[in-house]
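Report on the structure given below.
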Amino acid sequence: MTSIRPTHIPQANSPTSSLTASSSSVSDARKEKTWKAAQDFEAMAINEMLSPMFETEGDANGGVFGGGIGEKQFKPMLINEFAKNMQKAGGLGLAPAIYQKMLELQEKK
């Protein structure tokens, strides 16, 4: 069985891509923090989209993993990890746009 891998998208994986070429007044350390914040925001957005899917999943059978207090406590963590991994794999493409806008706003200061 062959696997299909997504193509590499440099701007979605690195703040040192062409997106940063125009922003010279922002330090490299600030760019790294800004990129991380943009990635975290995208992961949070994915988390918010996934959460409703898990609210009703498996209710008739006691939950995804059989129900109980443990599932109630750990399901949000599982969803958060799903979201982080989806973002790292390319996400929705929000991080580069958010990153660029945040850099523009920082340059105006």
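Placed from the backbone N, Cα and C atoms, the Cβ positions cover glycine too.
Marked as compositional bias 'Polar residues' by TrEMBL: 1-13.
Marked as compositional bias 'Low complexity' by TrEMBL: 14-27.
Per TrEMBL, domain 'Flagellar protein FlgJ N-terminal' is recorded for 53-100. Restricting the average to the domain 'Flagellar protein FlgJ N-terminal' (53-100) gives a pLDDT of 85.
The region 'Disordered' annotation in TrEMBL covers 1-33.
Summarised by DSSP class, the composition of the domain 'Flagellar protein FlgJ N-terminal' (53-100) is 34 helix, 0 strand, 14 coil.
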